[in-house]
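The structure under discussion appears below in the form of structure tokens.
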Amino acid sequence: MNGHQPLRSSCTLKTRSNKSKAAAISLRASGDGGRIPAEMKQKKKTANGFWSKASFMNWSMDDAVGLFRFHPMPCVFAVSLLFFMGVEYTLRMVPSSSPPFDLGFVATEWLHRILASSPDLNTLLAGLNTVFVGMQTTYIIWTWMVEGRPRATISALFMFTCRGILGYSTQLPVPQGFLGSGVDFPVGNVSFFLFFSGHVAGSVIASLDMRRMKRWGMAWTFDVLNILQGVRLLGTRGHYTIDLAVGIGAGVLFDSLAGKYEEGKRRAAASTANGNADVFT
């Protein structure tokens, strides 16, 4: 047995040597000498670098806990997203032959019954609401014509232009049970755009300007009157809930855009003044 061991070792070494030679021949035939191509190295390096720079790769358990601790509102919105996804994808849609479902109408059904049975009360509230619209209009024009601050006026012009475009583009049907009044704004039972509420948006624009000027009492008064106005508009079926909600957002949006417009004009004027100063110097 011992005499045959060198022979076996010799055969094994020869076999391994033959395999190594075959592998070397194969690599030489491929032309890369056994090396990984530079393109593959670069792609691998780029991929590793991309994922290593990804933000979530550096997150820890403390970061996850801190997310709920320091940013509760986005977390609530994330839960709301999942909730309303479930509602949206399982809700039976309103058929085309039925009137729109409006939660605000459901909540103010009691007020609608009272106003429908008392036309004089409906007329009184409509007249008071028209007075409030006049207060908004007067304040917004006053800030420009008397105080020399055009931001609220520019905001209102932006808002009503957008409202006209959207209101004409999608003309919503008059809600069932609409309780009109000849003294409601616009006065005279004329037609009007439902989407979105200029009553609400104008009040928000005026309130935001009051807050900038630290007229806190006036601002809170306008906010309360705006809420009462919204309840009345739902009770009379003068607007859908979405009209009022978008009216609030429109007031904030166009006030911000008017501020950016003013800032852009100031920068342009300052740049022009600096350019003229450079010319004369």
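Placed from the backbone N, Cα and C atoms, the Cβ positions cover glycine too.
Nobody curates TrEMBL annotations by hand; they come from automatic prediction.
Fair warning: this is a prediction, and the values are worked out from it, not measured in the lab.
Quick look at what TrEMBL annotates:
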- 101-260: domain 'AtPDCT1/2 transmembrane' (DOMAIN)
- 67-87: transmembrane segment (TRANSMEM)
- 124-145: transmembrane segment (TRANSMEM)
- 152-170: transmembrane segment (TRANSMEM)
- 190-208: transmembrane segment (TRANSMEM)
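Tertiary neighbourhood of the transmembrane segment (152-170): same-chain residues 139-141, 143-144, 193-196, 198, 201-202, 205-206, 208-209, 250-251, 254-255, 257-258, 261-262, selected by CB-CB distance under 8 Å and a gap of 6+ residues from either end. Below 8 angstroms of C-beta separation, residues 115, 151-153, 156, 181, 183-185, 187, 199, 202-203, 205-206, 209-210, 222, 225, 229, 232, 236 of the same chain, each at least six residues beyond the ends of the transmembrane segment (124-145), sit close to that stretch.
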